[in-house]
Amino acid sequence: SVGFKAGVKDYKLTYYTPDYETKDTDILAAFRVTPQPGVPPEEAGAAVAAESSTGTWTTVWTDGLTSLDRYKGRCYHIEPVAGEENQYIAYVAYPLDLFEEGSVTNMFTSIVGNVFGFKALRALRLEDLRIPTSYTKTFQGPPHGIQVERDKLNKYGRPLLGCTIKPKLGLSAKNYGRAVYECLRGGLDFTKDDENVNSQPFMRWRDRFLFCAEAIFKAQAETGEIKGHYLNATAGTCEEMMKRAVFARELGVPIVMHDYLTGGFTANTSLSHYCRDNGLLLHIHRAMHAVIDRQKNHGMHFRVLAKALRLSGGDHIHAGTVVGKLEGEREITLGFVDLLRDDFIEKDRSRGIYFTQDWVSLPGVLPVASGGIHVWHMPALTEIFGDDSVLQFGGGTLGHPWGNAPGAVANRVALEACVQARNEGRDLAREGNEIIREASKWSPELAAACEVWKE
């Protein structure tokens, strides 16, 4: 007789193990599963566990050459989603040995690489991951982290202010540098390359880097504050990206930028290592995230992409605003903002956090609020995001009727007023508009901004 039983068998016989005790070293995943009609949730959950670990669609003789029990993913719990028809949360545990150390790329290839096109599922969404300490320790994480960044910049006790230079495409390098200088001189801490500014015919990267560096040093000399501009090093190849980062370091600027989803995790991790070794801060933009995270029942939640970035490395990352033009629910956003900044985060389903996550002193990432925000939003932003954040006003700076520098002044005055009011114990949520109005009495720049963007 044959040594094994050939043929197709139900996944749930092998991969659905409700009595499994999860190990501290397991990577745990919470999937939102929508099975096809007639497929039981246990089979759907088990199929996810199988296809993203050791399973294939039929029994194979080489299964006998390994210990499936040691290497298989296990679906250990399934619960229906309240208020949704035919949606379940399937919890899957993966043994640590399935993953290459220090590779976000491999982690994602394993967990979400293949299983999302699966026939038995109508839709599938990865809601959260628990990264065990033993795996976290194989990553360097952010190049510097929040505390080191504050010490480098000598800025404490308030959020940092940024501004994306617009029009994002079409300016010459010299005019671009001019816009940067005006914003920094007016009182912003940072200006930013737009995510699609790489090296186009109207402005090559080297020219932009040179003029922006000049703008930074001039503004620093005039204001006595440390300034930065996120120089976008994203490129078509990793080698070209590194070349740009090296040039930025040679110019002596403090920070570079990368589009981590379009650039890819492998490129991002390389850049992150370079930044730590060479004292550059790394600003991360999440272009393409909505392609992955916008659908409620399919894809990946942004909190997973945020966790992955903290492992791969970045000092700032865009995290939505809770106010402005891009969507984001408050509690859920605050959930992944804390996942980025804090060392230890308790499981809390009301904030979308499915697992308790211990980052074991991996440096934190500053969340960046950006997109359609202006001076009237300042009290809300200060209250919601707190000190450890970057508030970015693109149009909210450059749209000022008097120009960039007064626009920057308006934002800085509004921020300092909010921070002062908060430190005096005033309630920003209730008195926010009043605080801004008071401040605008002694700042004509702020008064003009208040006129343009009505509360």
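The backbone N, Cα and C atoms fix where each Cβ goes, glycine too.
The shown structure was predicted, so the numbers you read here are calculated from the model rather than taken from an experiment.
Listed features, source Swiss-Prot:
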MOD_RES   Lys5  N6,N6,N6-trimethyllysine
BINDING   Asn114, Thr164, Lys168, Arg286, His318, Ser370  substrate binding site
ACT_SITE  Lys166  active site, proton acceptor
MOD_RES   Lys192  N6-carboxylysine
BINDING   Lys192, Asp194, Glu195  Mg(2+) binding site
ACT_SITE  His285  active site, proton acceptor
SITE      Lys325  site 'Transition state stabilizer'
Of Asn114, Thr164, Ser370 (the binding-site residues), the residue whose Cβ has the fewest other Cβ atoms within 10 Å: Asn114
Spatial neighbours of His318 (substrate binding site), counting only the recorded positions Lys166, Lys192, Asp194, His285 and Cα distances within 10 Å: His285
For Lys168 (substrate binding site), the one of Lys192, Asp194, Glu195, His285 that lies nearest, given that the recorded positions are compared by Cα: Asp194
Cβ neighbours within the same chain of Asp194 (Mg(2+) binding site) - under 8 Å, at least six residues apart: Thr164, Ile165, Lys166, Lys168, Leu169, Asn232
Integer Cα-Cα distance in angstrom, Glu195 (Mg(2+) binding site) to Ser370 (substrate binding site): 12
Position of peak Cβ density within 10 Å, selected from the recorded positions Lys166, Lys192, Arg286, His318: Lys192
Length of the line joining the Cα atoms of Ser370 (substrate binding site) and His285 (active site, proton acceptor), in Å: 10
Structural state of Ser370 (substrate binding site), classified by DSSP into three states: strand
Rounded Cα-Cα span from Lys192 (N6-carboxylysine) to Arg286 (substrate binding site), Å: 14
Cβ-based isolation winner (fewest other Cβ atoms within 10 Å) among the recorded positions Lys168, His285: Lys168
Cα distance (Å, whole number) from Lys192 (N6-carboxylysine) to Asn114 (substrate binding site): 36
Mg(2+) site, defined by Lys192, Asp194, Glu195: further same-chain residues with Cβ within 8 Å of the Cβ centre: Thr164, Ile165, Lys168, Asp193, Asn196, Val197, Tyr230, Asn232, Met257, His285
Count of other CB atoms lying within 10 Å of the CB belonging to Glu195 (Mg(2+) binding site): 21
Cα separation, His285 (active site, proton acceptor) to the residue listed as 'N6-carboxylysine' (Å, whole number): 10
Max CA-CA distance, Å, over listed substrate-binding residues Asn114, Thr164, Lys168, Arg286, His318, Ser370: 37
